[in-house]
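Taking it in order: structure first as C-alpha cells, then the write-up.
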Amino acid sequence: MGIFKKLGWFFKQQKKRYIAGILFLLLVDLAGVVPPRVIGILADLMNERRLTTRLLFMWVGLLLIAAIFQYLSRYGWRNMIWGGAATLERELRTNLFSHFLKMDETFFQRHRTGDLMAHATNDLNAIQNVAGSGILTFADSILTGGTTIIAMIVFVDWRLTLVALIPMPLLAISARILGSRLHQAYGESQAAFSRLNDKTQESISGIKVIKTFGQAKEDIDDFEGIVDRTIDINRKVYRIDSLFGPVTSMIIGLTYAVTIMYGGWLVTTHMITLGQLISFVSYIGTLVWPMFAIGRLFNVIERGNASYDRVYQLLDEKSLIKERSHATEHLVAGDISYHVAAFTYPDDEEVSLQNIDFDLPAGGTLGIVGRVGAGKTTIIKLLLRQFDNYEGEIKIGGKNIKDYTLEGLLSSIGYVPQDNFLFSTSIRNNIRFAAMDKTQDEVESAARQSAIHDDILNFSRQYDTLVGEKGVSLSGGQKQRLAISRALITLPEILILDDALSAVDAKTEAAILTSLKEDRSRKTTIISSHRLSGVMNADQILVVDDGRVVERGTHDELLALNGWYAEMWRRQQLAAQLGVGGAEDGAK
Ligand SMILES: Nc1ncnc2c1ncn2[C@@H]1O[C@H](COP(=O)(O)OP(=O)(O)OP(=O)(O)O)[C@@H](O)[C@H]1O
C-alpha cells in the first residue's frame with residue numbers, strides 16, 4: 001500500500017475529484033444490493049403463491065430504478081476516477097520530459113535511450129493504473145464487500161454470513177504470496193523490455209550500416225535472441241498472473257459449497273426462507289468482484305510501486321549544471337572572455353583542456369582548428385555550459401556565464417553542432433524550430449544566408465517539403481546548411497559553427513562565410529573547422545592540440561609562424577589544386 005502514500009501529494013491535490021468518485025461508487029454499491037434481495041422476495045412470493053401482477057410490477061419497477069441509478073452513478077465514478085488518473089499521467093509525463101531536457105550529457109551517457117523510453121511509457125502507465133484502477137479496486141472492494149456483507153447480515157442471517165466468509169483469509173494470503181512473486185518477475189520483465197527497446201532503436205538507427213556490411217542476418221539473430229528472452233520472462237509474468245484467476249475461483253467455489261450446505265440446513269429448519277437463501281447465493285455472486293479485485297489490486301500496486309521508484313530515481317538525479325538563484329535572463333552583448341585553466345570530463349582522469357585563454361570582442365570572429373580529438377568541441381561545450389566543473393572563468397557580456405539562466409544564455413547562442421538533427425516536419429518548421437513566430441520572409445532570409453534557399457526552391461513543395469523519414473532525403477551538405485539557417489533565424493549574439501561546413505563544398509562555404517560577415521557584422525562568431533579556408537578570415541585563430549593552444553594569431557601571422565597551421569594550409573591548398581577532396585583528411 002506504500003504506493004498510495006507515495007502518491008499522497010497527488011490525491012491531496014485531487015481530493016475533491018476522488019471523494020466524489022468514491023461517493024458515486026458507494027451509490028453504485030448501494031443500488032447493487034437491491035436486485036438480489038428483490039429476486040429473493042419474488043422467489044418467496046412465488047413459493048408461497050402470493051405473487052400478484054401489482055406486486056410483480058412493483059418489484060420489477062424497483063429493479064429498474066436500481067439499474068438506472070447504478071448506470072448514472074457508474075458514469076459519475078468513471079468520469080471522476082479515470083479523469084484523475086489521466087491528470088496524474090499528464091503531470092508525471094510533463095515532469096519526466098522536462099527533467100530529461102534539463103539533464104546534462106552525463107545523464108544520457110548513464111541511461112540508455114531504450115531505458116528512458118521504457119520509463120516514459122511502461123512505468124508511467126503502471127503508475128497511472130494505481131491512480132485509476134488501483135484506487136477504484138481498493139475503494140470498490142471495500143465498498144462492494146462492505147455493503148454486500150451488511151446486506152447478507154441484515155437481509156439474511158449473520159451466522160450464514162460468518163460461515164460463508166471463512167475461506168476469505170485464504171484469498172488474502174494467496175494474493176500476497178503471488179503478488180510478491182509477481183513483483184519480482186515484473187521487474188525482470190521491465191528490464192527485458194528496456195533491452196528490447198534499446199536493440200530495436202539501435203538496429204533501426206543503424207540499418208544502413210547493418211545492410212552495407214551485410215550484417216542483416218547476424219542482426220536478426222541477435223534481435224531474435226533478445227525477443228526470445230523477453231518472451232520467456234513475460235511468460236513467467238503471465239504464468240504467475242494467471243494463477244490469480246484459478247486460485248480465486250477455487251476459493252469462491254469453496255464459499256458456495258459451504259453456503260449451500262449450511263444455508264440448506266437453515267432453510268430446512270425454517271431459520272431462513274428459500275428466497276433468503278436465493279438472495280444470499282446471489283450476494284456471493286456480488287462478492288466475486290471484490291475477491292478478484294483484491295488479487296488484481298496487489299498486482300496493480302506492486303507494478304505501480306516498482307515503477308514509481310524507478311521514475312523517482314530518475315527524477316531525483318540532479319543535473320551537474322545548477323542555476324544560481326540570482327541568475328539573469330538576458331545577455332546584453334556577445335563579447336567573450338574565455339579563461340579556462342583546466343577541465344576534465346566527469347568520470348575521466350585525463351585533463352581534456354589546459355590553459356585555454358582568449359578574448360573576443362562583440363562582432364569578432366574566432367577560428368578554432370586542430371587535429372581530430374584536439375579539444376575543439378570541448379572548448380565550445382564549456383561555452384554552452386554543458387559542463388561547469390572547470391577551473392577558470394568564462395564571461396560573456398562582462399558577466400560569468402554561470403550567472404545567466406541556462407535558457408537566457410543558450411537562447412543568445414546559435415549553435416550548429418557537427419552532427420545536426422532534423423525533425424520530421426516541413427523545411428520551414430525545421431528552420432524556424434527555435435522561433436515558430438518567424439515569418440516566411442525571415443525564414444527565406446536565413447536560408448539565403450546559409451546558401452540553401454535555391455536548393456529548397458528546387459523541391460516540389462519548396463518550404464513545405466517534409467524532411468526526415470517520411471520526407472525528402474537531404475544530402476549531408478544540405479542538412480548542414482539547413483541547420484545553419486535554424487541557428488541564424490534567431491539572430492543570435494553569438495553564432496558557433498562546430499565543424500558545421502564539413503560536407504559543404506569550398507565554393508559554397510566561401511559564399512556562406514561572406515554572407516555571414518556582411519549580415520552579422522556586429523555579432524560574434526566562432527568557427528571550428530578542419531578546413532582552414534573556413535577560418536582564414538577570422539580575426540583570431542587558435543590552433544589546439546591535446547587540449548592546449550599551440551599556435552595563435554591571424555591567418556597571415558600563423559603562415560609566418562611556419563608551424564602546424566602553415567604546413568596544413570600548404571597541404572590543403574595543394575589538395576584543392578589537385579582537385580582531391582581530401583582537405584578534411586589532410587587535417588586529420
Ligand atoms: N563526454 C566525454 N567524456 C570523456 N571524454 C570526452 C568526452 N567527449 C570528448 N572527450 C574526449 O576529449 C578529447 C577532445 O574531444 P573533442 O570532441 O573536444 O575534440 P575535437 O577537437 O572537437 O575533435 P573532432 O575534430 O573529432 O571533433 C578527446 O580525447 C575525446 O575523446
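Using the three backbone atoms N, Cα and C, a Cβ is placed for every residue, glycine included.
Whatever TrEMBL says is automated annotation, not expert-curated.
Feature annotations, courtesy of TrEMBL:
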DOMAIN    19-303  domain 'ABC transmembrane type-1'
DOMAIN    331-571  domain 'ABC transporter'
TRANSMEM  21-43  transmembrane segment
TRANSMEM  55-72  transmembrane segment
TRANSMEM  135-156  transmembrane segment
TRANSMEM  162-179  transmembrane segment
TRANSMEM  243-265  transmembrane segment
TRANSMEM  277-298  transmembrane segment
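In this chain, the transmembrane segment (277-298) lies in contact with the transmembrane segment (21-43); the count of Cβ pairs under 8 Å, excluding pairs fewer than 6 apart in sequence, is at least 3. Between the transmembrane segment (135-156) and the stretches 55-72, 162-179, 243-265, 277-298, Cβ pairs under 8 Å are most numerous for 277-298. Note on the transmembrane segment (162-179): residues 149, 152, 240, 243-244, 247-248, 251, 254-255, 258-259, 262, 280, 284, 291, 294-295, 297-299, 301-302 of its chain, located 6 or more positions outside it, place their CB under 8 angstroms from a CB of the stretch.
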